[in-house]
Amino acid sequence: MQLAQMLIPMVSAFAITIMFMPLFIGYMRYKKEGQVIREEGPSWHEKKSGTPTMGGLIFIAAIIVSAIWVGIWQHQLTLSVWVSLFILVLYGLLGFYDDFEKLVHHRNEGLKAWQKLAGQILGAIIFLIAYFHEGFDHTLWVPIIGNVSAAWFYVLFVIVWLVGFSNAVNLTDGLDGLVAGQTTISFGTYAIIAAHDGRTDVLIVCLVTIGAMLGFLMFNHKPAQIFMGDLGSLALGGMLAVVAILLHREWSLLLIGIIYVTETASVILQVGSFKLTGKRIFLMSPIHHHFEMKGWSEWQIDLTFWLVGLIGSGIYLAFFL
């Protein structure tokens with residue numbers, strides 16, 4: 001795709017998002033359906049209670065519609081596009097049920113952990129079936145060991161990657177605008193990689209996601225008019241992992257997704273430390289809440305985390321593209 005043509009997928013998803021998001025916000029306000037804030041979160045987040053949620057429903061629709069018509073236009077409606085959208089939808093449905101339970105029963109807990117995990121693993125397995133059907137390379141370089149070509153090892157790795165990063169993005173979604181901005185950076189980086197590698201089909205998926213996220217950010221920046229909900233964050237995290245795998249740059253997520261990795265690591269360290277020593281490492285986890293407790297504003301945290309994400313992406317592009 002030429003540079004001018006790359007703008008079309010982004011504009012399409014952006015336009016659909018900004019066109020329908022205000023209508024959805026209005027509908028959710030009319031129905032008086034809003035986010036239930038976790039009791040263990042920062043006390044000042046209570047003022048966000050009642051803010052419309054499930055905004056992911058609109059930008060997921062924008063991504064799907066734009067990816068399909070652009071794929072048809074560019075003759076790039078490949079299996080890679082379909083499996084990316086499949087994971088987006090399936091993980092989105094898991095999040096939808098989670099969000100729906102929270103709204104209906106007015107509590108901040110939806111699906112049980114094992115139910116969500118089972119759905120995520122099922123999605124990863126279906127993705128793998130399509131992946132192997134297409135004959136994609138399943139050789140994976142592993143530090144110290146070297147190249148591992150065993151199919152069973154790659155299967156386990158992909159399941160961990162999809163489940164891990166969908167949950168990591170979900171954990172990161174705790175501040176206004178944070179995930180919308182960070183995923184724009186992440187998918188933007190993969191768009192550069194896809195263009196470099198000649199993967200126009202994956203490039204289209206990245207471009208429409210960038211457009212949708214920029215559109216959503218207009219309503220999600222502080223003070224947020226709407227949240228994406230688990231519906232949005234689980235879907236984005238799952239598809240982000242799929243894109244990295246389709247480009248056969250699996251390990252790139254450790255740098256390009258450094259914020260998601262850090263957020264998840266902070267939770268693991270916090271829980272582990274408390275169980276082992278009875279002491280907490282951070283004032284609150286995930287780590288973005290730690291900085292809130294230190295007195296940082298949401299904008300300061302957003303901008304700092306986005307900068308770190310940009311640096312991580314820049315390092316990957318500079319040394320590994």
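Here the Cβ of each residue, glycine as well, is placed from N, Cα and C on the backbone.
Remember, predicted model here, so these are calculated numbers, not experimental data.
Swiss-Prot lists 6-26, 53-73, 77-97, 121-141, 144-164, 175-195, 200-220, 226-246, 251-271, 301-321 with the feature transmembrane segment, giving sequence analysis as the kind of evidence.
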Among 6-26, 53-73, 175-195, 226-246, the stretch with the most Cβ pairs under 8 Å to the transmembrane segment (144-164) is 226-246
Contact count check, CB pairs under 8 angstroms to the transmembrane segment (77-97), set 6-26, 200-220, 251-271; argmax is 200-220
Note: vs the transmembrane segment (200-220), the recorded stretch with the largest number of Cβ pairs under 8 Å from 53-73, 226-246, 251-271 is 53-73
Residues outside the transmembrane segment (175-195) whose C-beta sits under 8 Å from one of its C-beta atoms, at least 6 past its ends, are 1, 6, 169, 202-203, 206-207, 209-210, 213-214, 216-217, 220-224, 228, 232-233, 236, 240, 243-244, 247, 249, 252, 256-257, 259-260, 288, 292, 298, 301-302, 305-306, 309-310, 313, 316-317, 321
